[in-house]
Ligand code: DAT
């Protein structure tokens, strides 16, 4: 049994007035830019998990080969639990299977075509190994498969993120979805 399942059984899910949304995808697909725009459009709060991990040292040091932090999953989940409980969060992270399923009402997986993703990763100054690893991740639909395995099928949505127009369209869809969620869950909170 993994740590997610322990959390699922130990902590009850509280009704919330606002939804929690996870925006995930391979690095470079536009999670942070989309999350910032969506937070602005909806009034929800953006949580950039990568920044949180660094700021609160929720890691076990740097993996020098990939130039990325080795996540301390238990510390991260503990840190986020209270933030997620009232709802109203847009969580932005490149992996999705580590979070408790009960946190999210919508899971968006951003997808980007190879020819568009490669130069985005190059312009970030990633080393060749990290670029190849991320390209392979996108080609193999790793994050999409993870999302489908970790959450109910009907809450997982795959969105193309190749252009500014698609990003704006994605933000509009998120806003419309949130408004409809609120309309359908207005009596959600129990006394
Ligand atoms: P992520 O958070 O998934 O790593 P990001 O939001 O930091 O991605 O975006 C990486 C770069 O690509 C950044 O310069 C913005 C650009 N970008 C992302 N999505 C885009 C899109 N749909 N259209 C145009 N540019 C995009």
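Cβ coordinates are placed from backbone N, Cα and C, and glycine is handled just like the others.
Keep in mind that this is a model prediction, so the values were computed, not measured.
Taken straight from TrEMBL:
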REGION    1-31  region 'Disordered'
BINDING   28, 30, 31, 32, 33, 124  ATP binding site
REGION    48-71  region 'NMPbind'
REGION    123-133  region 'LID'
| field | Other residues, Cβ within 8 Å of 28, 30, 31, 32, 33, 124 Cβ centroid (ATP site) | value | 27, 29, 34, 120
| task | Report, as numbers and ranges, which residues of the same chain sit near the region 'NMPbind' (48-71): CB under 8 Å and 6 or more residues beyond its ends. | result | 32, 35, 79-80, 91-94, 98, 126-127, 129-130, 133
| query | Counting other Cβ atoms within 10 Å of each Cβ, which of the binding-site residues 28, 30 scores lowest? | reply | 28
| Under a threshold of 6 Å between Cβ and any atom of ligand 1, which of the binding-site residues 28, 33, 124 are retained? | 28, 33
| message | Please count the residues of the region 'NMPbind' (48-71) that DSSP assigns to helix (H, G, I), strand (E, B) and coil. | response | 7 helix, 10 strand, 7 coil
| request: Measure the Cβ-based neighbour count of residue 33 (ATP binding site), defined as the other Cβ atoms within 10 Å of its Cβ. | output: 16
| Whose Cβ, among the binding-site residues 31, 124, has more other Cβ atoms within 10 Å than any of the rest? | 31
| remark: Pairwise CA distances across 28, 30, 31, 32, 33, 124 (listed as binding ATP) top out, in Å, at 15
| request: Give the helix, strand or coil assignment DSSP yields for residue 28 (ATP binding site). | output: coil
| Just counting, how many other CB atoms are there within 10 A of the CB of residue 32 (ATP binding site)? | 16
| For the region 'LID' (123-133), the number of residues DSSP places in helix, strand and coil | 7 helix, 0 strand, 4 coil
